[in-house]
Amino acid sequence: MRILWIVAVCLIGVEGNLYQFGKMIRYKTGKSALLSYSDYGCYCGWGGQGKPKDATDRCCFVHDCCYGRVNGCDPKLTIYSYSFENGDIVCGGDDSCKRAVCECDRVAAICFGENLNTYDKKYKNYPSSQCTETEQC
């Protein structure tokens, strides 16, 4: 039963916003979102706590805060309109909630791209037990 639940969650991610966010990350960084950012520092991945470990982790912290301000839809599942144009990510559509989610993802992907030099492999698979200090959005 647990395996079916995991497969269902993965399929939702493939169809929903997490897949779109991953495409934005790849576009701005050239890296796989799943392999490079899914479990990095204290904030990159599901959930988050503590103080961001570096500028890359801070991108995830700011992204989590941005998702926390979105009202009217589930940011992790919302499918939105966007395009890649001349090196930029452009959010589209008339739905304000979908557009807000897209903007959160766009800003985070740009942040990752601007902070590629701070990415430190020692923070990959970083233990959450080391994320003890607190920081507010």
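For all residues, glycine too, the Cβ spot is worked out from N, Cα and C.
For His63 (among others), the entry in Swiss-Prot reads active site. Counting every protein chain shown, 23 other Cβ atoms lie within 10 Å of the Cβ of His63 (active site).
The secondary structure of Asp105 (active site), as reduced to three states from DSSP, is helical. Asp105 (active site) counts 27 other C-beta atoms within 10 Å of its own C-beta, drawing on all protein chains shown. Here Swiss-Prot flags Asp105 (among others) as active site, drawing on similarity to another entry.
Long-range neighbours of Tyr43 (Ca(2+) binding site) (same chain, six or more residues apart, CB within less than 8 Å of its CB): Gly50, Pro52, Asp57, Arg58, Cys60, Phe61, His63, Asp64. The Ca(2+) binding site annotation in Swiss-Prot covers Tyr43, Gly45, Gly47, Asp64.
Among the features that Swiss-Prot reports, disulfide bond is placed at Cys42-Cys131 (among others). If you draw a 10 Å sphere around the CB of Cys42 (disulfide bond), it holds 26 other CB atoms from the protein chains shown. Cys42 (disulfide bond) carries neither a helix nor a strand DSSP state and counts as coil.
Taking the Cβ of Cys44 (disulfide bond) as centre and 10 Å as the limit, one finds 27 other Cβ atoms among all the protein chains shown. Annotated disulfide bond per Swiss-Prot: Cys44-Cys60 (among others), in sequence order, evidence recorded as similarity to another entry.
According to Swiss-Prot, the disulfide bond annotation covers Cys59-Cys111 (among others), on the basis of similarity to another entry. Counted within 10 Å of its Cβ, the other Cβ atoms near Cys111 (disulfide bond) come to 18, all protein chains included.
Sequence annotations record features per position, and here Swiss-Prot assigns disulfide bond to Cys65-Cys137 (among others) based on similarity to another entry. Residue environment of Cys137 (disulfide bond) contains 10 other Cβ atoms, counted within 10 Å of its Cβ in all protein chains.
Annotation source Swiss-Prot lists disulfide bond at Cys66-Cys104 (among others), citing similarity to another entry. A sphere of 10 angstroms centred on the C-beta of Cys104 (disulfide bond) encloses 23 other C-beta atoms.
The annotation disulfide bond is assigned in Swiss-Prot to Cys73-Cys97 (among others). There are 17 other Cβ atoms within 10 Å of the Cβ belonging to Cys73 (disulfide bond). DSSP classifies Cys73 (disulfide bond) as coil under the three-state reduction.
The disulfide bond annotation in Swiss-Prot covers Cys91-Cys102 (among others). Under DSSP, Cys91 (disulfide bond) is assigned to a strand (E or B) in the three-state scheme. Of all Cβ atoms in the shown protein chains, 19 besides its own fall within 10 Å of the Cβ of Cys91 (disulfide bond).
The signal peptide feature in Swiss-Prot is assigned to 1-16.
Distance from the CA of Gly47 (Ca(2+) binding site) to the CA of Cys131 (disulfide bond) is 12 Å. Within 10 Å of Cys44 (disulfide bond), as judged by C-alpha distances, the disulfide-bonded residues found are Cys59; the full candidate list was Cys59, Cys65, Cys66, Cys102. The binding-site residues in question are Gly45, Gly47, and the one with the fewest Cβ neighbours inside 10 Å is Gly47.
Each of the disulfide-bonded residues Cys60, Cys102 was scored by the number of other CB atoms within 10 Å of its CB, and the largest score is that of Cys102. Taking the centroid of the Cβ atoms of Tyr43, Gly45, Gly47, Asp64 as the Ca(2+) site, the other same-chain residues with Cβ within 8 Å of it are Cys42, Cys44, Trp46, Gly48, Gln49, Cys60, Phe61.
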